[in-house]
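Colleague: Mind looking over this structure? Questions follow.
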């Protein structure tokens, strides 16, 4: 949706656009750009014209705007005096008259007291602590009951319709808990019984039950379906809340489209309407635009009360201001009330709000109008420094290190949170608040909940569709919700068609491979095993394709939960829609796979049999989809669901009835096949294939010429003496105990499974859709808990955090410790005419344009710019961290070009705080120091320096805390301090780069970080730091500024000057407006540059290029180069020999340190190691006792080989366990450690491969014990047992190296998984178990020889059964009568001499019993498996392991290290 080519007649381009030169008191309409204003007018005009069309419900005249007021020309989109704001108000008024208005949002809370569960202290679990847990059972029981921690203490307040409340407080003050509580998000929280909380008189309990969606909590994370476009996302939201009576009698579809168009215009999204929303993996709109989509979606929810928890994080001040102004617009036009927590609120943002509340460690210390808050605290005795914003001042009051008392008031002002609360409750402002609350309660009495909700209910019922339940909180009826969700599901499929088609192509490839393995199976007894194998593969591959649905359902669960909380739909209706939309996709998959498979394998060429086969395949596909969807719905996380699915898959495959036929099943597990849907499908498909058919026998016993009478028998099961044909029904009865009469019974059973699992899935989706929240806590290593957190030690702590933020704030340096132990800085880094070009969609785009500058030791340089100007891009280019594009220009150190050591000698503090989750703070710092400081520095000195950094950053209290994850580990500020600390621990010799070090921090934490950077610079460090929009005070800490406009164009580089005077003089003297005394220079500058031209119409970039300041920069760069070239020789002489090397430490030291760290990581991840062990033990025991005491009959030998086949089936889950962990390690290495030249990629890869091996050896031992002794027993000698143990260990080692080979070059585990499945299934299919090598088509024989499982199965099988005597079962014997006057032995002597085997009753003259084998080796020889090859096979697997390691190394180097543009990444 672009801007119309021409305006409606009489319109002015500048209507309703307020001058941007006013720093304060902006209109809420400011957030609507000029282009979007025109767009809104076009929508209004089109709507007016739509109402004038013949046949429309209302036919007003051309000048009849939405509110039917003929006289008001400001409401006519075609009028010169058209007012956008008035038109929107009129539209809301018109909507109100038609039942479209939202209920007014008002809330009152009195004595609101909230407690949280969870310990303030957690200990890091390790493999050791988990294994020794039984020994600590009594201690665990004693500490099981944890007293609830009080988070909020007696809050009082009221918000009326159309009000905005700003919630201020430092991290841990209770802001999030407060917002969650007032919105009913109380999972893991407990509200005291004495607390009063109601919405216009309606209790929270009734609100959550009947009017969910009227009160909404918005987290800072944007959750959307990535493949939907912006318009589709917003039209869905509008359709879900479309009322029964619609604006100007539109249809539902018209209203949804119209409402989406309006909000896209209001929030500046019209240009993105056809762009995917996207996410971290799917390309879509920008992060800021995605945030606006979230805001627009919530606006369409038409909720009267909303809470926003730090939703502006990551936005610059200008974008954050637009966000808040959007809320202002929503409040003004729709009467909504919004509570917003913002960490860094500029003055402009602050002034948009009506009320503000200040929280201090769980206590409310102010609640009232924004205009009186500053005066209140100044009257209390606190001083607000000049140019500090009101928001920063109010937050600073809660930090003892930041607040300043007025002279003479130091002993009078409150000190503790409790003191502040007492002062507040005694103040006249509090009494005014109580009066306001009393007045609100008079208007909305709380005594009669039913009466208070009557108005809400009436409005809701007026909006609800015809068939909706009156008590339902949803506007749409359930059938309409299903219809809407189904439409969206098809949109998602269509927008991601490549994924669907790749799945179809994958199924076709698998069908071609599998079908060709069993190609043209003969319609004789020789085809019995091939046909059975074909149908077994067919039913399994149809059934197990649905397993991937678990991950897709988990990826969408947060979105469904969010939209259910907005009262868009029942989660169950989304689940139903997902199943419905899957029908055509699954049908396409079934056709693609089954048609190819069926005809390639030469299954029964009869129409009825083909359609029965297809019906069973399609049905079992849906049944298993329901099973896996149910698993996803009843579990709490994807790991649980996948673990459960892995165990279930093993049970389903074993008890399908093929690898372990029903007669061979043991009573303790036999019951499983009755609960196995695949069993019923397989029986039906086998019976369907073999019923009513007679198969020619191709092998007779004995195979003499001129056989007649009953003197011979077919060698196949189900044969009858003297018959040359074998009945298919007889064969399946003897081999499987299957019968054709069960076919339609089994179909009925499958339908019952389908209905049952679908019902559980829909129910679980509805009831298990909420996630619980836990209190935040620090995690420490056992034995390293700091003294202040041990029981009995008293120290003020924040109830919401494990440690208060003030406890871990980097304190101001004491007078005795002002000098930092930094290396002396002598080098100056300069860059000249840097440009950077990349190619986007085939077109070149310039991101940086002739940027020049320098960073000198002892200076703090700020890098700023408008949103999208290329700040981070410039930092990446200067730090040599770009991997694509063309860079032109020059970079120098002391006037000389950069060498290989440049990246090692610079520190780069990235915006993302990436650290190893299992390491402690001290370990993270030591790792950096050990590898990045020169080899000439001893390990002791490196450790001592780390302690200095810990003290420098004030991290002593949590130095032994584990990094962890947000919520269980370091908080945002602590992570940021650690990120800075890691770079300082490396002792950067040249300079320190920092990218947005204050992003996501509150203003006090930002101040602490910047003052620390100032301290670093004063100690001689060179610092270059990007920053969004600092406060005026914070801005003054910097020495120099490099400011970029859009396109990476320089508009200023130079000193800032006292009170920013040098900078302001430059802009004011070149045509910018005067900067107001009270204005923030940083905000002023953004505003001036955003205008793109000065008052003379000249572009600021051109102004800079023609300025004397620009010329001075070029001259200074040349002067630096000349001066430094003269002293370079002296400097180089003092450097040690390793100065110019790529890495600071030798390779073997790197490998040692990295390997130790990875070992530590594995030891501290008990869930990973225990899950590996559980898989090995549970799968080993299950297979072992399923194939327990394998007999040496023909069926017993076959089941023993199939037991090895099932052990091989563990390969895929083993590999899938390893890959995600490797991705985590690699992300940390490639994003932070490799660019810093901490250690080589070879050390990284080798360490990760090495550390897996000991655990894989352990898993092999566990599997050997659990599998071998139940199946084979302990009768074999230690040499045979030892070899089987070696094969088991080898299998696990091979799996780990195979995983590294597959994942090494792949971007993520999801991409690598299909490759793993394809390679694994190929290896398994061609290993000789399912189809002996002699039966394979000639083309595929090479795969039999290539498959590593061929040699592993052969080695295992022959070692287990070599030399064992075969004892045929009764149904395996060939029974026939010898000719007259001959015994069975005499009659069979000639045959046995050629074919082998044994006659069990040689002296009998009738009913000869012949067994085709004597020893097990003969059975294996038919598959080319020989005892003499066992050690060769063992050796060949090691060759495969070596090959895996080689390929992993090669592909990692080729695809992730080597640059293909001629340069190498080192």
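For all residues, glycine too, the Cβ spot is worked out from N, Cα and C.
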Colleague: Kindly point out the range from 608-628, 671-691, 692-712 that Swiss-Prot annotates with transmembrane segment.
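Modeller: Feature transmembrane segment in Swiss-Prot: residues 608-628.
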Colleague: From 449-469, 470-490, 533-553, 554-574, which range did Swiss-Prot mark with transmembrane segment?
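Modeller: Residues 533-553 are the ones Swiss-Prot records as transmembrane segment.
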Colleague: Quick one: of the binding-site residues 866, 871, 872, which has its CA closest to the CA of residue 768 (N-linked glycosylation site)?
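Modeller: Closest recorded candidate to residue 768 (N-linked glycosylation site) by Cα: 872.
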Colleague: Within the domain 'ABC transporter 2' (829-1071), what mean pLDDT does the predicted structure show?
Modeller: 88
Colleague: Going by Cα-Cα distance, which of the glycosylation sites (249, 735, 1381) sits nearest to residue 872 (ATP binding site)?
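Modeller: Nearest by Cα distance to residue 872 (ATP binding site): 249.
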Colleague: From the Cα of residue 735 (N-linked glycosylation site) across to the Cα of residue 866 (ATP binding site), what is the distance in angstrom?
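Modeller: Counting only the Cα atoms, the answer is 76 Å.
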Colleague: What same-chain residues, at least 6 away in sequence, bring their CB to under 8 Å of the CB of residue 523 (N-linked glycosylation site)?
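Modeller: The answer is 602, 693, 695, 696.
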Colleague: Can you tell which of 866, 869 has the most other C-beta atoms within 10 Å, given these are the binding-site residues?
Modeller: 869
Colleague: I'm a bit unsure how to read this: which one of 608-628, 1168-1188, 1195-1215, 1283-1303, 1312-1332 has the highest number of Cβ pairs shorter than 8 Å with the transmembrane segment (747-767)?
Modeller: 608-628
Colleague: Are the transmembrane segment (1312-1332) and the transmembrane segment (1168-1188) close enough to be called in contact, which here means at least 3 C-beta pairs under 8 A that are separated by 6 or more residues?
Modeller: no
Colleague: Residue 870 (ATP binding site): which of the glycosylation sites 111, 249, 310, 735, 1381 is the nearest Cα neighbour?
Modeller: 310
Colleague: Going by Cα-Cα distance, which of the glycosylation sites (249, 310, 1381) sits nearest to residue 869 (ATP binding site)?
Modeller: 310
Colleague: Which listed stretch (499-519, 533-553, 608-628, 1168-1188, 1434-1454) has the most C-beta pairs under 8 A with the transmembrane segment (1195-1215)?
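Modeller: Ranking 499-519, 533-553, 608-628, 1168-1188, 1434-1454 by Cβ pairs under 8 Å to the transmembrane segment (1195-1215) puts 1168-1188 first.
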